[in-house]
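Please read the structure below before turning to the comments.
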């Protein structure tokens, strides 16, 4: 929702303040295929394995999401 940095539905999430729906101090992310222990995973980390004729997708180091490779089938 607007103004939220993270999903405040899970009070046990160590990255997200459930009362404010904001990331806790020092946290870069709260969830996502490229988020590990509240930090963005290193650029080049595989976040989605290739299937069929597709290629692996990799974290970019600046986002919690797993960007699709430009050659996604």
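Glycine too: its Cβ is placed from the backbone N, Cα and C atoms.
Annotation source Swiss-Prot lists disulfide bond at 6-15, 8-16, 21-35, 29-59, 34-38, 47-66, citing experimental evidence. Annotation comment: Swiss-Prot describes 1-73 as domain 'Disintegrin'.
Annotated features taken from Swiss-Prot, shown on the structure.
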residue	record	contacts (Cβ under 8 Å, 6+ apart)
6	disulfide bond	13, 15, 16, 17, 21, 22, 23, 29, 30, 31
34	disulfide bond	40, 41, 45, 47, 59, 60, 63, 64, 65, 66
35	disulfide bond	15, 28, 29, 41, 64
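Take the CB of residue 47 (disulfide bond) and look out to 10 A: across all protein chains shown you find 18 other CB atoms.
Under DSSP, residue 16 (disulfide bond) is assigned to a strand (E or B) in the three-state scheme. Here the disulfide-bonded residues are 8, 16, 21, 38, 66, and the one with the most other Cβ atoms within 10 Å of its Cβ is 16. Residue 38 (disulfide bond) sits 14 Å from residue 8 (disulfide bond), counting Cα to Cα. Cβ neighbours within 10 Å of residue 29 (disulfide bond), excluding its own Cβ and spanning all shown chains: 21.
Within 10 Å of its Cβ, the residue among the disulfide-bonded residues 15, 59 with the fewest other Cβ atoms is 15.
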